[in-house]
Amino acid sequence: TYRRKKRSRIPHSAFELSLLLDLPPIRSLPHRPNPRHLTDRPLVVPLAGNYAGICSHLSEAAEMSTKGNWSPPAVSGRLFTLGLVASWYSSNIGVLLLNKYLLSNYGFKYPIFLTMCHMTACSLLSYVAIAWMRVVPMQAVRSRLQFAKIVTLSLVFCGSVVSGNVSLKYLPVSFNQAVGATTPFFTAVFAYIMTVKREAWITYVTLIPVVAGVIIASGGEPSFHLFGFIMCIGATAARALKSVLQGILLSSEGEKLNSMNLLLYMAPIAVVLLLPATLVMEQNVVGITLALAREDIKIIWYLLFNSALAYFVNLTNFLVTKHTSALTLQVLGNAKGAVAVVVSILIFKNPVTVTGMFGYTITAIGVILYSEAKKRNK
């Protein structure tokens with residue numbers, strides 16, 4: 001017996017499909033059926049073999065809902081990446097300028113203690129981010145040998161940060177950034193000495209303008225200070241040495257640590273290493289800081305904010321590296337130095353000569369050429 005009411009019926013029109021799935025009509029039809037007549041017909045869920053028709057209608061609806069090629073997830077992803085880059089620039093340039101202000105303009109002449117404050121903040125905030133907020137999975141130290149390697153990296157890291165902060169007492173930020181741009185030169189030298197790794201000849205040629213630009217900028221720098229220059233060169237060389245050592249010491253799969261976990265272990269070790277240096281070389285610095293705080297409480301807020309920024313430099317650098325390509329990161333890194341130079345000149349009003357800016361420009365061009373040569377020879 002044929003029973004119409006018990007027969008499974010498949011919706012054939014877009015209007016019937018919209019009633020079934022509680023969706024708005026997909027398109028207006030010239031002869032839309034009256035919904036009142038559909039109440040007498042059973043609208044049951046179609047059988048498994050008929051899902052292809054449903055999917056085609058749904059894909060058509062999705063195309064119409066995204067008319068104009070606008071995709072909310074893609075746009076939100078781009079905005080998120082732009083926010084990360086802006087945060088990276090702000091924290092990096094901010095901590096650099098605030099270090100300069102504290103050590104040079106404000107009169108807080110204790111770079112080792114300032115570095116120890118940075119490392120203390122990095123220790124605490126790294127633990128909060130990894131153990132509590134789970135920004136990245138925690139990686140354990142698996143052996144005493146691995147721990148000894150991390151201690152070695154931490155020692156070099158301390159030397160780099162302290163030397164950089166000392167140089168800011170004597171040099172303007174613009175010249176400090178010009179010298180810091182020579183990091184690729186020291187990286188290539190240390191890589192050749194320690195790993196006998198040879199690059200293509202064109203890579204070494206691109207290092208000539210990197211060094212030549214700094215020489216020209218040094219000759220044209222009105223605020224040149226020899227001790228500050230030596231400290232800045234030392235900081236740049238130590239930064240390159242840490243990069244090469246990290247590739248050598250933590251090269252095996254079982255010992256590799258991402259930058260956030262490496263900071264989690266290096267920062268407390270750095271505090272332990274810097275504490276005796278602070279007590280010996282910057283005696284009674286805690287008492288002097290408290291005395292300054294009685295006169296101006298803002299010094300405490302400066303130190304707290306500066307220390308937090310030092311951690312966020314590392315956090316945003318990790319996130320930008322994770323969410324962008326290597327080429328994008330190189331371009332952003334090169335542009336960041338130029339932005340820092342311009343902002344520092346606008347804020348501190350330090351004198352700049354045409355020769356100095358010409359030298360810095362040559363160095364920046366050399367760094368870009370070096371990055372391009374490395375990429376082509378991979």
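The backbone N, Cα and C atoms fix where each Cβ goes, glycine too.
Copied over from TrEMBL:
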TRANSMEM  79-98  transmembrane segment
DOMAIN    83-371  domain 'Sugar phosphate transporter'
TRANSMEM  110-135  transmembrane segment
TRANSMEM  147-168  transmembrane segment
TRANSMEM  174-194  transmembrane segment
TRANSMEM  201-218  transmembrane segment
TRANSMEM  224-241  transmembrane segment
TRANSMEM  262-279  transmembrane segment
TRANSMEM  299-320  transmembrane segment
TRANSMEM  327-348  transmembrane segment
TRANSMEM  354-371  transmembrane segment
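The transmembrane segment (327-348) and the transmembrane segment (110-135) are not in contact, since fewer than 3 Cβ pairs between them lie under 8 Å (pairs 6 or more apart in sequence). Confidence annotation: the domain 'Sugar phosphate transporter' (83-371) carries a mean pLDDT of 90 in the model.
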